[in-house]
Amino acid sequence: MDDPKSEQQRILRRHQRERQELQAQIRSLKNSVPKTDKTKRKQLLQDVARMEAEMAQKHRQELEKFQDDSSIESVVEDLAKMNLENRPPRSSKAHRKRERMESEERERQESIFQAEMSEHLAGFKREEEEKLAAILGARGLEMKAIPADGHCMYRAIQDQLVFSVSVEMLRCRTASYMKKHVDEFLPFFSNPETSDSFGYDDFMIYCDNIVRTTAWGGQLELRALSHVLKTPIEVIQADSPTLIIGEEYVKKPIILVYLRYAYSLGEHYNSVTPLEAGAAGGVLPRLL
């Protein structure tokens, strides 16, 4: 078995290759969509932002699993070494000049596209926030910001509980419930790279990572938390109907806000708070 440093180098090389492949895919997509087609251009920008966010999150989570005692300097040295290893053989002056010009043109086009994407994403963010403010306002609520640290879903849940419980405990209870109810959750999991269904061992590793890492939580984790708290959970979205999880429970629901464009790393959960003090209450959840 490889030592941790060798394993880290292998992961970094793969991440570099995957980023290059993604950028090539993005360039191909850009060339396939006319700049005059605003509808398709908007969808392209959404798809690009999603793909980049998913890859960034995937790479971050993979590196968390293989962190060792190496300093940041050693990682930089590894990256520099990889660049040297991947450097092409010397070529003619004319060939190098042509390559440099082509590289500069690609960088210029990429810069234009990134600026365009940033502008559009800022517009998507404003539009999303306005829609959510209207939906929440109709219910006498407003959004409450939660840090984007990988724990956002659990922190948003924690924010609405009347008892003291740590994010770590919520993660532990989520993973424990999922492990005890494998048949309820396992069919919905697959490998994001191969699309192969998870086996039992894969699922157990996934549950362990809920506890050990800052892995982002989603709908299945919310389902588990709904059972743990014996409480319905509502997820308000700008462009989709409100998702209700745990409808079989009768307590006052926990309400989360799901955002697609709030942060560059992708999806995010926020909490809510009443617009006015003294809002009507209900039977509040407790950790069982």
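The chain as shown is numbered from 1 upward.
Cβ atoms are placed via backbone N, Cα and C, with glycine included.
The Cβ of ASP149 (active site) has 9 neighbouring Cβ atoms from other residues within 10 Å, across all protein chains displayed. Per Swiss-Prot, the feature active site maps to ASP149 (among others); the stated evidence is similarity to another entry.
The feature active site, nucleophile is assigned by Swiss-Prot to CYS152. For the recorded site, CYS152 (active site, nucleophile), the DSSP three-state label reads helix.
Taken from Swiss-Prot, the feature active site covers HIS268 (among others). Here HIS268 (active site) comes close to ILE146, ALA148, CYS152, TYR258, LEU259, ALA262: these same-chain residues lie at least six apart in sequence, with C-beta atoms under 8 angstroms from its C-beta.
Residues annotated as compositional bias 'Basic and acidic residues' in Swiss-Prot: 1-10 (among others).
The compositional bias 'Basic and acidic residues' annotation in Swiss-Prot covers 99-110 (among others).
Per Swiss-Prot, the feature domain 'OTU' maps to 141-275; the stated evidence is sequence analysis.
The region 'Disordered' annotation in Swiss-Prot covers 1-20 (among others).
The region 'Disordered' annotation in Swiss-Prot covers 84-110 (among others).
Long-range Cβ contacts of the region 'Cys-loop' (146-152) within its own chain (Cβ-Cβ under 8 Å, at least 6 residues beyond either end) map to 159, 167, 171, 213-216, 262-263, 265, 268-271. Among the features that Swiss-Prot reports, region 'Cys-loop' is placed at 146-152.
Over the region 'Variable-loop' (210-220) the predicted model carries a mean pLDDT of 92. Residues or ranges marked as region 'Variable-loop' in Swiss-Prot: 210-220.
Residues or ranges marked as region 'His-loop' by Swiss-Prot on the basis of similarity to another entry: 258-268.
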Cβ neighbours of CYS152 (active site, nucleophile) where a neighbour is any other Cβ within 10 Å
25
How does the compositional bias 'Basic and acidic residues' (99-110) divide up by DSSP, counting helix, then strand, then coil residues?
12 helix, 0 strand, 0 coil
